[in-house]
Amino acid sequence: MVASSFAVLRASRLCQQDWKSWARLFVPPPLSTGGRTTWARTNATLSVEPEGRSCWDEPLSIAVRGLAPEQPVTLRSALRDEKGALFRAHARYRADAGGELNLARAPALGGSFSGLEPMGLLWAMEPERPLWRLIKRDVQTPFLVELEVLDGHEPDGGQRLAQAVHERHFLAPGVRRVPVREGRVRATLFLPPEPGPFPGIIDLFGVGGGLLEYRASLLAGKGFAVMALAYYNYDDLPKSIETMHMEYFEEAVNYLRSHPEVKGPGIGLLGISKGGELGLAMASFLKGITAAVVINGSVAAVGNTISYKDETIPPVSLLRNQVKMTKDGLLDVVEALQSPLVDKKSFIPVERSDTTFLFLVGQDDHNWKSEFYADEISKRLQAHGKEKPQIICYPAAGHYIEPPYFPLCSAGMHLLVGANITFGGEPRAHAVAQVDAWQQLQTFFHKQLGSKS
């Protein structure tokens, strides 16, 4: 009987589907044994749509079919980053009366998350290696997300009923990746597939240095020419950042503005953390910047001097006695920077800027006081007759507001501090913030920079 069933399946269209999106196993139908239900043979399939592959910021539709009515199951997800670090999540579910389970309709009953969370198996992933942040280092290869369906509600003990592997890409089909070595500028430019010119954006990350491309590559798939810009600890750039010379960033701005596939007259800036601070300084000192999105950035120079021509902004003072220790043994440094209202020379002169700003703020950011900084920037701009910036605050969101579905990085090594610190955030609230922030910044840039010519 089993052999003949396999023969039927081999001849069916089900067995012709991509193995990366469909998997099936025989398991027994439910049997009643003295009032207890045990699960016998079923033909479970796990489907993931879009089929086979998708971009990282795309939502997925995950469903299981062929289960027994109301069968309890556990869904598990896993991926490894380029350094071999494992990230995993799991959630307990129960099939409906028809033996189906659709994550868009079925709430998780517990595990890494609970409730109706269709993308929880991604954003709720946690690293096996403590304090490890999920970063995509090579955007030319996908993350492989492994999904499994297990019988019962034990995340490690149930029989595997079905499995699938789904590719999560960071380059939309046709997006062009162009390494940039022009003068001193070290960067990578991402261009949409079709002919331009396109609205241009410079993308800046934080104090970790190097060249991170994954946000720029995803954003290029939305119709922007995006240049991921390195500014230290990459290639032949300086290995440390005692002084941030705005002339380097000016060279990058001029390069992007003059590119034949970039629409003028001005460009946009996107920066997070230290990158947000630098974006604010660029908008204050440099010409040709029409719009800037600052994600949890500082209004003051932090950890190093900012310099442009004959002008310098010294770093804000450190208040070492304000560093706290959490119950988990992490440093909490949110109170460890002097207020720029006290260290006034460290305040970036935003009043000089004619840039239109959007500030995206995690209200549980423990890296520094992002909400306070955004409010003070708004006050200063308005006091000098400038346009009031848009500020969007996200309750319980932490410091690293990434593109959608990246897991929360709530703690980790801070290179300027030289120790592990808490970055704040609650996983579900942070995931909600990331989805909204991603849409908000795209809408903002399209409005301020326009679409392609």
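Note that Cβ sites are derived from N, Cα and C of the backbone, with glycine treated the same way.
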>> If you check Swiss-Prot for N6-succinyllysine, which of Lys309, Lys386, Lys447 comes up?
In response: Lys447
>> I'd like to know which of the recorded positions His399, Lys447 has the most other Cβ atoms within 10 Å of its Cβ.
In response: His399
> Taking Asp365 (active site, charge relay system) as the reference, which of Lys83, His399, Lys447 (the recorded positions) have a CA within 10 A of its CA?
Replying inline: His399
> In terms of Cα spacing, which of the recorded positions Lys83, His399, Lys447 are within 10 angstroms of Ser273 (active site, charge relay system)?
Replying inline: His399
>> Just to be sure I understand the packing, how many Cβ atoms besides its own are within 10 Å of the Cβ of Lys83 (N6-acetyllysine)?
In response: 9
